[in-house]
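Okay, structure first, notes after.
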Amino acid sequence: METPSQRRPTRSGAQASSTPLSPTRITRLQEKEDLQELNDRLAVYIDRVRSLETENAGLRLRITESEEVVSREVSGIKAAYEAELGDARKTLDSVAKERARLQLELSKVREEFKELKARNTKKEGDLLAAQARLKDLEALLNSKEAALSTALSEKRTLEGELHDLRGQVAKLEAALGEAKKQLQDEMLRRVDAENRLQTLKEELDFQKNIYSEELRETKRRHETRLVEIDNGKQREFESRLADALQELRAQHEDQVEQYKKELEKTYSAKLDNARQSAERNSNLVGAAHEELQQSRIRIDSLSAQLSQLQKQLAAKEAKLRDLEDSLARERDTSRRLLAEKEREMAEMRARMQQQLDEYQELLDIKLALDMEIHAYRKLLEGEEERLRLSPSPTSQRSRGRASSHSSQSQGGGSVTKKRKLESSESRSSFSQHARTSGRVAVEEVDEEGKFVRLRNKSNEDQSMGNWQIKRQNGDDPLMTYRFPPKFTLKAGQVVTIWASGAGATHSPPTDLVWKAQNTWGCGTSLRTALINATGEEVAMRKLVRSLTMVEDNDDEEEDGDELLHHHRGSHCSSSGDPAEYNLRSRTVLCGTCGQPADKAASGSGAQVGGSISSGSSASSVTVTRSFRSVGGSGGGSFGDNLVTRSYLLGNSSPRTQSSQNCSIM
């Protein structure tokens, strides 16, 4: 086909060869040729425009169809993501409330721990003070015992001296008795001498009377004779008689005076000797009595001091016994508190270790999810580039956040793990349900499976021969313990059945050892039942373990942004067909009403299972999330079943709202 530009030189060449042209003609011809060229170009342009419009119409039709398909897919994904975001917001709210409550409980526990620690420190100070006081009292007791031993030795010495003094007193009393006897003898002799003196005086008077009578008789005879004698010789006889009488009287008086003097001298000498000996004896007796009195006074004072010391010693011993009893009680209390604190600390360490393990597992899951989200983001970006679609600002923002998060995860994985550990919390709690229909109740069940404790709460003895304790953990085989045929549980008594692995001693009727079983078993759902001899269940206790996990709101918001980014993306195969893209969905059972909440979007193809287990003190939600993407043969497609993860969320406090006020319904 010949173009107008190819035809124009031929025509102009022919005209130029036929006739000469004027400049005006030439100018017009050139303008004509220019117009023809422009017309040809316009025709070609119009043809091209028409063909392009036809192609554009076809493309618009295809674009419209593609946009309708994409809008349908995006609307479905958006609905699913909005439902998912609603559930996530509710979960975040509940998790935030639970975290606040757990923080309050943690602060209370820390305050209690500080208070108990302060009390323990105070008790230890009191114990040290009591020990110091005990040492002082022991030193005082030793000094008092030394003083008592000294007083006892002095008492023994004084008792020896008293014994010697008593011997001396006995000797002196014997000497005094002998002196008294001698004094009595001397007094008897004096009385005898006085009697003799009186007798001699009476004899002397009698002799005087006799002599006077004889003298009168002689006088009378002489007078009668004188009458007869001469008066001349009367005076001679009278003078001679007077002289003889005077001489006889003088002799008698001299003899009596001499005898009297001898008696008085002998009596006075003996009396002086007796008085001197009596004075000596009385002085000795007085000294002995005085020494005896002083000894008695000293013995009385020492006895009073000894009794006072004995009373003080008894009081000190009673006080020492009281202090020892109080010290023993304080030691027992301190040991019990320390044992409880050590047990609580061991439990807290075990729980912390368990939580750290769970945190590590959750971090690993989070890292895997971050890698999968990053891979999904790359796939979506590849599809957008292939379809030449401009990314939304949210996608760009999410892509920037994902790139920064990826760099942080690659460059500082330990920092991310540490931040995750600090921004999330997990707690394991146990809830117990007990029921009793008889006298005996299941009082305590060990979480580690070491023992089962029963108590007779009635005022009567209970025969438990051939009774059974049945223990089961979830779907595990049933464990049965049978009591001895003659076993009886006293009123108010407690019996503990130990597993053989607990290391307890068999001491009936308070401690029994199940030698056939090393442990009672441990797990998340322990049911212990007491069966009587007729096969009737009279008591039951169920122990349920719940795990509570709380994550920081910032991390959840980042996950929400990543989910929003996934909502706004789309996947297509290389041939233009939409790929099946199954993101997250969740099925949750209400802990109060028990009804499921179906929030999965239609056409998403996600299959997620969840359940809630609620007890008297804790509730938990197990959420399983599945991701599946089936792409075409494009370079950005993935295989099936990328990841399936299970999470355990929960609230340690029981739900108090009714089914009408259920947040899910």
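The first residue you see is number 1, and the count goes up from there.
Keep in mind that glycine also has a Cβ here, set from the backbone N, Cα and C atoms.
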Looking at Swiss-Prot, which of THR496, THR592 is flagged as phosphothreonine? THR496
From THR333, THR436, THR510, THR624, the one Swiss-Prot labels phosphothreonine: THR510
Which one of SER143, SER500 gets the tag phosphoserine in Swiss-Prot? SER500
In the domain 'LTD' (428-545), how many residues does DSSP assign to helix, to strand and to coil? 3 helix, 62 strand, 53 coil
Same-chain residues at least 6 positions away from THR266 (site 'Heptad change of phase') with a Cβ under 8 Å from its Cβ, in sequence order, are ALA193
Taking the Cβ of GLU330 (site 'Heptad change of phase') as centre, how many other Cβ atoms lie within 10 Å? 16
Taking only the CA atoms, the spacing between LYS201 (SUMO cross-link) and GLU330 (site 'Heptad change of phase'), expressed in whole angstrom, is 103
Local confidence of the prediction over the domain 'IF rod' (31-387), expressed as mean pLDDT: 82
